[in-house]
Amino acid sequence: MAEEPIRLTQYSHGAGUGCKISPKVLGTILHSELEKFYDPNLLVGNETADDAAVYDLGNGTAIISTTDFFMPIVDDPFDFGRIAATNAISDIFAMGGKPIMGIAILGFPTNVLPAEVAQKIVDGGRFACHQAGIALAGGHSIDSPEPIFGLAVTGVIDTEKVKRNASAKSGCKLYMTKPLGIGILTTAEKKGKLKPEHQGLATAAMCQMNSIGSQFSQVDGVTAMTDVTGFGLLGHLIEICEGSNLSAVVFSDKIKTLDGVKDYIAQGCVPGGTGRNFESYGHKVGALTEEQKAILCDPQTSGGLLVAVEPNSVQTIIEIAKDTGIDLYEVGKLKPKSESDIVVEVK
């Protein structure tokens, strides 16, 4: 009798970027009464919830540093490692940089799962690093109750090309590089409701590198970028708005989703992270239908880039996306800060 295949998602209480601590709770954790340490060379710290830290070397080049890790969102160990690494590397691309090195972070229940499973996870991470043109240069591991994997990633960028999430301008159009719905499809799979024709769609999206961010950083009209991950499209857009002192409008009819997403919402395949996200920032968002909430607050794992671009540079980024095979689509626009508490309106 054949052995049952190991299903990694059965060994974790959370999944992918849905494991993130909610924005509301995270704000409490990060609050500190200690005097802030000031370093004039630290161009980007944690003040605006940006994707990575950026340090000016003083010679026209800056170092980008980030880390990201989570528990399994798929059952296959190799795919889990690949997705986790792709997601971590994305933070470098979201700042407009070029990754140069990855360091692995591994937590593994050695008394529950065989070491060969961990080997496949790390190999998946190594594969993603090679796709990004970097080495998996080392790492650290611990024995933990649940599988955890991710990377610490170092990148470089011309100092003047850094794309912060707090440098957007009013009038910019907003574009996305991947469809939404990753959290919904992976939840449907975990519940055993995913149809055969939708198998692998979420994995393919999560494994798509956001390397186009390095090219977007060369476009002066691109004023801000971030990758859409655990806080959903609305959460990460709110970070851009609050960091840049702006408001935004999202065009719900232009949002692209993975196939089957709306049907799975109707079947109740909405991850727990969606509710936690809305609880954290729902008061900053205009009226939403339940379906809009499920899509726009859906926690993405290794999601796409959200790009703020001035109208006169829109055609440039469309051409870049076309040349690299990325299905770029408009999702909204930025406008002057509203006098009300509503940061993002959904139309």
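Backbone N, Cα and C define each Cβ position, glycine as well.
The Mg(2+) site recorded in Swiss-Prot comprises Asp51, Asp91 together with one of Asp227, Asp253, Asp259, namely Asp227. Shown in sequence order, Asp50, Ala52, Thr66, Asp68, Ser90, Ile92, Phe93, Ala94, Met95, Asn210, Thr226, Thr229 are the same-chain residues outside Asp51, Asp91, Asp227 whose Cβ sits within 8 Å of the Cβ centre of the Mg(2+) site. Secondary structure at Asp91 (Mg(2+) binding site), as computed by DSSP, is helix. Secondary structure at Ser141 (ATP binding site), taken from DSSP and collapsed to helix, strand or coil, is strand.
Put simply, of the binding-site residues Ala49, Asp68, Ser141, the one whose Cα is nearest the Cα of Asp91 (Mg(2+) binding site) is Asp68. In this structure the C-alpha atoms belonging to Asp51 (Mg(2+) binding site) and Ser141 (ATP binding site) are separated by 24 Å.
Taking only the Cα positions, the spacing between Ser141 (ATP binding site) and Asp227 (Mg(2+) binding site) is 27 angstrom.
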